[in-house]
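Encoded as structure tokens, the structure appears first; notes follow it.
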Amino acid sequence: MNSWLIQNASIVGRETADIAIENGVVTEVGTGLTAPEGARVLDATGLIALPGLVDLHTHLREPGREDAETVESGSRAAALGGYTAVCAMANTSPVADTAGVVEQVWRLGRDAGLVDVQPIGAVTVGLKGEHMAELGAMADSAANVRIFSDDGFCVADPKMMRRALEYVKAFDGVIAQHAEEPALTAGAQMHEGEFSSQLGLAGWPAVAEEAIIARDCLLTGHVGSRLHVCHVSTAGSVEILRWAKSKGWRVTAEVCPHHLLLTDERATTYDPVNKVNPPLRTDTDIEALRAGLAEGVIDVVATDHAPHSSEDKDCEWAAARPGMLGLQTALSIVVKTMVEPGLLDWDGVAERMSRRPARIAGLDGHGLDPAPGVPANLTLIDPAASWTVVPNELASLSRNTPYAQMTFPATVRATFLRGEATVLEGKAQK
Amino acid sequence: MIRHLLSAADLDRDTATLLLDTARQLGQALTGREVKKLPTLRGRTVVNLFYEDSTRTRVSFETAAKRLSADVVNFSAKGSSVSKGESLKDTAWTLQAMGADAVVIRHPASGASHRLAGWVDGSVLNAGDGTHEHPTQALLDAYTMRERMGRLDGLRVTIVGDVLHSRVARSNVLLLRTLGADVTLVAPPTLLPVGVETWPARISYDFDAILPKTDVVMMLRVQRERMTDSFFPSVREYSRRYGLDLRRAALLPDDALVMHPGPMVRGMEIAPEVADSARSAIVEQVANGVLVRMAALYLLLSGEKGAE
Ligand SMILES: [Zn+2]
């Protein structure tokens, strides 16, 4: 089952070659290969083979909100989006702040078998920012946690942030910060600017993100640890990150597809499908984020896939929960916003959606280009195809996509997890 | 004709003028009548959906609808399923099943009326949504100004106070600009939203300097609670810098008008002697409210259905 001969694929957008896979491992990459024994043959003419995508920021909602998403449904959405690994955020119910919960999520992911689900552990107990969670126990658990985050909330207390950064050095952990100064965003509903002033929605100022990023970069430099900045959304944040990286500090950052494409003008509909945290910002920010991603100041694209049930979105803007679906649209949006304008080539896409995130998360078998001896975690993309987003056709249990009826370039034709096809001909295999 | 009235921006100059003219005609049609009622909306149902206590606005809409012979249903947040946590969408479906021709909604969330308009077939009138807009208040203010000053074009209107949290200010700025007035906003910088520089209005922090160049001054209510959130240091300092007291009122041109959308905090943003003076239009604002709401209901409901 896990042996394949993939013929005539463009390897990461470069030369055309066959990929032979035996028992889940790539054995050969070259032209005119013969099929390994018992292998199925897949004609990949016109398709691009990428290392399986890796998402550093996924909300799977299980345990606690299985009506919005489960590990299995989210894994399916991920596979269909070209992913072979996702990092599951800790803001579940109960919170993933103990070895027990992270192991539960990890097992659910393994049982679903569609992608590798790597749990992220909470930094503080209950995401409350008061007491450090047992980070070491989570690191030592079967889930082997290396990323810790209170995402949804900022680790706002500078002393707590400093301690967490220091503490995880013992096991090469990284703190993934949701950068939002809470005193500046009480009641905030959308980007603070022209549209918030018109719409009477409380503003979420760019400075609330930038101030925390600047502080955390300084702390990281001071204690010599690793910081990962979640969902960077402003032009100012890009500048601060560029400066921090110039110091040689170990700071990495992600940007979400929606922040590369959509602006705060979307809020004028008052449809909370456009409500997300951090909020959609301006054209200037989009431009800076795209440039930062192209340059490498922003290391990776992460989805912040955040499913919500209809009662949490079919309501007044202020009553709605923030977040949008992202796993099945991420690659297409990166193609639209980065590849088509010439800001990234396919190697750049592989770097920012697979190799870099895999290295940040410490996922050894992921983010590797097809080569002999490498686990066959791959995805095949049709760059010439396009598709229209139909919310009801997405694999997620929720429907909160802001992209309904939008047409995007590039489709995922197949995804392989250690040689097992999780997606074939654009359809999930389980 | 437009189908909903959600924002003052829904009204172009012709429509806004038609609305004000209609209000005036309705006022004339009613004067001298023994029964203050016109048969225009007989058989139509107007629902008042109020999620906030505002007897003044609710009664104004109710009176307006009844004077046009519409059936009025009051659906208040108190004592209905609304208070039991029924969602706005579920309530919308109930109203839809009732066959409401128009829904007048007052809601604490900005944009609630926009959401409702997407869920019902009838016309939606925004009677105040959060800190967003209150378009019929702006219409009655414009009506009052036009009646008293004889024109709106070129009129210098100064709006003073908590612009940041004011739905009245947002609607007034939009409507007055549409109707050709020049609007200046005066407030402490903390009570002006970031982004206000994109509004079609001038900004000033110097009330004294603006008053001699003002035809109409509109004082917005300032809630004391803003003080505890550090928008300004004290009531005393606020009144001293931004309150309309007798000394300041004397800086206005002789024929200038003083307005307040109410409810007033006397002694805070406006001195009682100024509020009760002859140049104040605060009392007639209430009467004019019924007329412009009649005009709005009339034009929305007698217009071609589903034209949009
Ligand atoms: Zn976050």
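Backbone N, Cα and C atoms are what each Cβ position is placed from, and that goes for glycine too.
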Cross-ref TrEMBL: carbamoyl phosphate site B:Arg56, B:Thr57, B:His134, B:Gln137, B:Gly262, B:Pro263; candidate in list B:Arg24, B:Arg33, B:Arg106, B:Arg236 matching that site is B:Arg106
Binding-site residues B:Arg56, B:Arg106, B:Arg167 with CB under 8 A of any chain A CB, in sequence order, are B:Arg167
Rounded to a whole number of Å, the separation of the Cα atoms of B:Arg106 (carbamoyl phosphate binding site) and B:Arg167 (L-aspartate binding site) comes to 12
If you measure between the CA atoms of B:Gln137 (carbamoyl phosphate binding site) and B:Arg167 (L-aspartate binding site) and round to the nearest Å, you get 9
CB contacts under 8 angstroms to B:His134 (carbamoyl phosphate binding site), restricted to the same chain and 6+ apart in sequence, sorted by sequence, are B:Asn126, B:Ala127, B:Gly128, B:Arg167, B:Val168, B:Arg170, B:Ser171, B:Pro261
Sequence-ordered list of residues in the chain of B:Arg56 (carbamoyl phosphate binding site) that lie 6 or more positions away and have a Cβ within less than 8 Å of its Cβ, or none, is B:Gly262, B:Pro263, B:Val286
Cβ proximity for B:Thr57 (carbamoyl phosphate binding site), under 8 A, sequence spacing 6+, ordered by residue number, returns B:Phe50, B:Arg106, B:Ala127, B:Gly128, B:Gln137, B:Gly289
Simplified DSSP label at B:Gln137 (carbamoyl phosphate binding site) comes out helix
In this structure, the one of the binding-site residues B:Arg106, B:Arg167, B:Arg221 whose CB has the fewest other CB atoms within 10 Å is B:Arg221
